[in-house]
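Chemist: Quick one: the structure is below, and I'll ask about it shortly.
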């Protein structure tokens, strides 16, 4: 893969990840759509585009082995789908009250913390530098959550942290998946079914809006469906360290987009917390080369660093 192609794929993926935050916040702040409907439309749209991509790959597969692999068009599991659903629902409900940059920072911090703890649980060991970075990020998150004029709303913050925890679990469960695209499509289909069930339960509270529906479709089909597919393609040319490092840009991009499109202020508290949390996470992931690169060597890099 050429460096130009790799750069463009990576840039598109990072913009897609940040775009999910922006589109969700735009929909819930500037339109009348409710969080439940946004979640359902996002997951259904993502499931449709991912399934179409998988079916296209199956039809275009040339070799016998490729056809056999592609024939199993839908993979995934219900446990992973439940984690995906919890992430998507928590993400949407959190953005009812959270600014774009704040939500992205909390989500990113929770995802990385969950994956680091998951690594420790599975036997990975942290160096002194990594331990320092993890504690630094944890302190930054705690200080950011302390009561104050610029502190994020507690219910929204807890929902976003829960969403990050669920996405971290989803990513950890993806380790060792042979076909990431098939698994993602299957998980999205199952999660979409769960979101439709939630919509049926909360039918009386639903509100739909043309622009809100458009934002949800863009979030599901483009930022999620195509964004995740592009990210898997980019991962083939990235080391684990680079893959983790470039994701440090997502909360920053989301915060800047919030200022540009939603006129949200960047508070000193958010700025300082971003430096401390992202700096701490950076200390951890930069030293994870040996562990995650060994995972990459076995063809499992798609699950090692996926936000």
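In case you wondered, yes, glycine gets a Cβ from its N, Cα and C as well.
Those TrEMBL annotations? Automatic predictions, nothing curated.
What TrEMBL lists as domain 'EamA' is 8-145, 155-285. Here TrEMBL flags 39-56, 77-98, 104-121, 133-150, 156-173, 185-205, 211-231, 243-262, 268-286 as transmembrane segment.
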Chemist: Please work out the helix, strand and coil residue numbers for the domain 'EamA' (8-145) from the DSSP assignment.
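Modeler: Helix, strand and coil residues of the domain 'EamA' (8-145) number 114 helix, 0 strand, 24 coil.
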Chemist: Do any residues, 6 or more residues outside the transmembrane segment (268-286), come within under 8 Å Cβ-to-Cβ of it, and if so which ones?
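Modeler: Non-local partners: 99, 101-102, 105, 108-109, 112, 116, 126, 129-130, 132-141, 143-144, 148, 150-151, 241, 244-245, 248, 251-252, 255, 305.
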Chemist: For the transmembrane segment (77-98), name the stretch out of 39-56, 104-121, 211-231, 243-262 with the most CB-CB pairs under 8 Å.
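Modeler: Comparing 39-56, 104-121, 211-231, 243-262: 39-56 has the most Cβ pairs near the transmembrane segment (77-98).
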Chemist: Counting only CB pairs under 8 A, let me know which of 104-121, 133-150, 185-205, 243-262 has the most with the transmembrane segment (39-56).
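Modeler: Answer is 185-205, with the largest number of Cβ pairs below 8 Å.
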Chemist: Can you tell me which parts of the same chain pack against the transmembrane segment (133-150), counting only residues 6+ beyond its ends and a CB-CB cutoff under 8 A?
Modeler: 105-106, 109, 112-113, 116, 126, 157, 267-270, 272-273, 275-284
